Amino acid sequence: MKNLLSLCFLMLAAFTLNPAAAQEKQSIFDVSNSSLFSNDDEFLKVDQAFAFNFYQKNNLLEVSFDIAPEYYLYRHQFKFKGKNTQFTSVLLPDGIDHEDEFFGVQKIFTENLAFTVNLENVSNDASIKITYQGCAEKGLCYPPTSKVIKLSKFILGESTSAPSSDAAQQTNEGEVKKSEQHQLSDMLKQDSLLLTLIAFFVGGLLLSFTPCVFPMYPILTGIIVGQGEGLTTKKAFTLSFFYVQGMAITYTLLGVVVAMAGAKFQAVFQHPIVLIGLSILFIFLALSMFGVFNLALPASWQNKLNNVSNKQKGGSITGVLMMGVISGLVASPCTTAPLTGALLYISQTGDVVLGASALYALSLGMGLPLLILGSSGGKLLPKAGAWMNIIKNIFGLLLLAVPVFLLERFIPEVASQALWALLILVSASYFYVANQNHAAAQNVQQGKGFWYGLRSLVIFLMLFFGANLAYQLIYPSSNNVTNNAQHASFKQVTSLAQLEDEVKKANMQGKTVMVDLYADWCIACKEFEKYTFVDADVQKALSNSVWLQIDMTEFDSTDNAELVQHYTILGLPSILFFDLQGNELTKQRTTGFMKAAEFSAHVKSIFK
């Protein structure tokens with residue numbers, strides 16, 4: 001059992017300490033793909049995108065939609081509900097096929113849509129509610145919209161046409177299947193609160209297996225393991241439970257506040273000063289795992305919290321709860337698809353109570369594996385012994401990975417890579433010594449124990465990854481040289497007036513303009529610089545464009561606040577494009593990370 005456990009920890013360390021592995025798994029949970037932070041001014045309002053009209057003559061209700069270019073309605077999202085009337089099944093046109101990234105081929109309507117509803121038994125105060133939902137090709141999905149049509153009794157020759165937009169009531173019902181975040185957003189709009197909470201709990205459970213939650217595992221396990229030999233299953237469960245509650249409280253409050261405050265709140269808690277402070281905190285926590293000092297509340301505090309914490313050794317319920325709050329706030333800052341869905345709903349409807357409940361359920365789902373892992377500290381782990389010091393040291397190394405994870409958002413890439421290489425090599429060296437000592441203690445001849453060999457393989461892989469990172473630092477590839485050279489092509493702009501002046505200068509030279517709004521705390525901004533802007537096709541597509549860049553790290557500075565207000569910037573990264581007349585092409589604005597091929601195609605479609 002001990003050998004198997006040691007192998008699991010070694011493999012866990014080998015994976016979590018590999019930044020490349022974490023990068024590959026961001027996929028749809030990445031904040032950069034979130035529609036929450038897209039600029040609403042890029043898109044038409046729902047009634048402009050899908051102009052609604054109807055005409056009633058006797059028992060026939062003719063309904064039509066004038067769909068704007070680059071917008072579409074989902075066929076399967078149409079729903080009909082009658083009040084004081086009956087109607088036969090509505091026969092909609094077939095529509096055209098549309099490839100949906102997450103839900104396969106869907107039928108959609110573009111340009112114009114018309115259909116007829118056959119009414120029966122229309123009584124007084126009769127009405128029919130038509131619910132529909134559509135999206136913009138640029139990446140925004142509207143919430144389901146409903147129009148309530150007041151019907152007239154069958155009077156030969158009498159007809160009723162569409163009322164003004166004020167008369168048509170809009171609600172938020174139906175289902176969205178454009179993307180995961182919008183699907184989850186609109187689940188909140190269903191009648192069943194229980195089903196909504198279950199859906200978000202499952203979403204959180206799936207989310208718990210992504211790199212976004214990675215920092216929480218070493219933090220919680222470090223707290224549990226740090227309790228020492230006196231740890232029991234009950235105490236481990238209690239500590240884990242309150243840690244998860246702290247995390248859940250954070251996500252619930254964070255989601256509501258972010259929905260109200262937008263990217264300014266995000267900027268504060270991703271500020272370098274905050275990240276440095278938290279990195280120092282986790283370094284101290286790691287040192288405690290190595291036995292440099294013991295973490296314990298002052299005696300006076302312990303006495304005051306005696307009734308609450310049952311004199312828990314090495315900490316308290318309050319302390320663990322606060323650690324969960326901190327972990328949820330900063331150590332796992334990814335705005336994921338489930339979280340984005342809840343935020344999107346809150347921002348659109350203002351239903352904070354329902355949104356907060358869903359976020360809490362999402363957090364509990366995220367915390368379930370954490371709860372199981374933490375509770376295992378008193379049940380599944382072997383009994384006290386020398387192995388405990390090894391495990392504490394392992395989690396000390398994992399805790400040291402958290403500061404690197406936080407700092408790499410604003411430190412130079414070469415420094416981040418050096419920290420990862422150093423940490424992996426030091427960890428591999430430690431594991432090698434521990435493996436040798438374990439083999440000697442078990443009287444296992446070198447090269448002959450199965451578990452010894454398997455542990456050695458894991459150590460070898462760690463050494464390989466660490467050495468590979470170190471090699472890239474010492475002998476950078478030509479691509480890195482290209483990256484550094486390409487960054488110099490940006491001209492820095494600091495104010496709205498300077499931006500307008502630079503656009504005029506570019507237009508006088510017959511050039512268009514691309515403006516990159518970035519911040520040091522913005523991961524997706526760094527991805528743009530590393531993967532997209534250096535691409536040859538992207539550079540060719542923008543060869544006749546002046547590249548401007550605005551540092552939005554201090555989001556609330558006077559100059560940046562003016563830019564934010566003028567261009568209605570809700571989140572980063574945002575890429576603005578200006579034509580030869582100096583006009584911003586608002587519908588072509590890019591918000592969120594785009595891969596090089598996609599971005600190149602986007603630029604080519606703009607500047608043909």
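Every residue gets a Cβ built from N, Cα and C, even glycine.
Per Swiss-Prot, the features are as follows:
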- 161-173: compositional bias 'Polar residues' (COMPBIAS)
- CYS135-CYS141: disulfide bond (DISULFID)
- CYS212-CYS334: disulfide bond (DISULFID)
- CYS522-CYS525: disulfide bond (DISULFID)
- 469-608: domain 'Thioredoxin' (DOMAIN)
- 161-180: region 'Disordered' (REGION)
- 1-22: signal peptide (SIGNAL)
- 194-214: transmembrane segment (TRANSMEM)
- 241-261: transmembrane segment (TRANSMEM)
- 273-293: transmembrane segment (TRANSMEM)
- 314-334: transmembrane segment (TRANSMEM)
- 352-372: transmembrane segment (TRANSMEM)
- 387-407: transmembrane segment (TRANSMEM)
- 414-434: transmembrane segment (TRANSMEM)
- 456-476: transmembrane segment (TRANSMEM)
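Each residue in the domain 'Thioredoxin' (469-608) gets a DSSP state, and the totals come to 69 helix, 25 strand, 46 coil. The two recorded residues, CYS135 (disulfide bond) and CYS525 (disulfide bond), have Cα atoms 26 Å apart. Confidence over the domain 'Thioredoxin' (469-608), given as mean pLDDT on the 0 to 100 scale, stands at 82.
Its own atom aside, the Cβ of CYS135 (disulfide bond) has 25 Cβ atoms within 10 angstroms in the protein chains shown.
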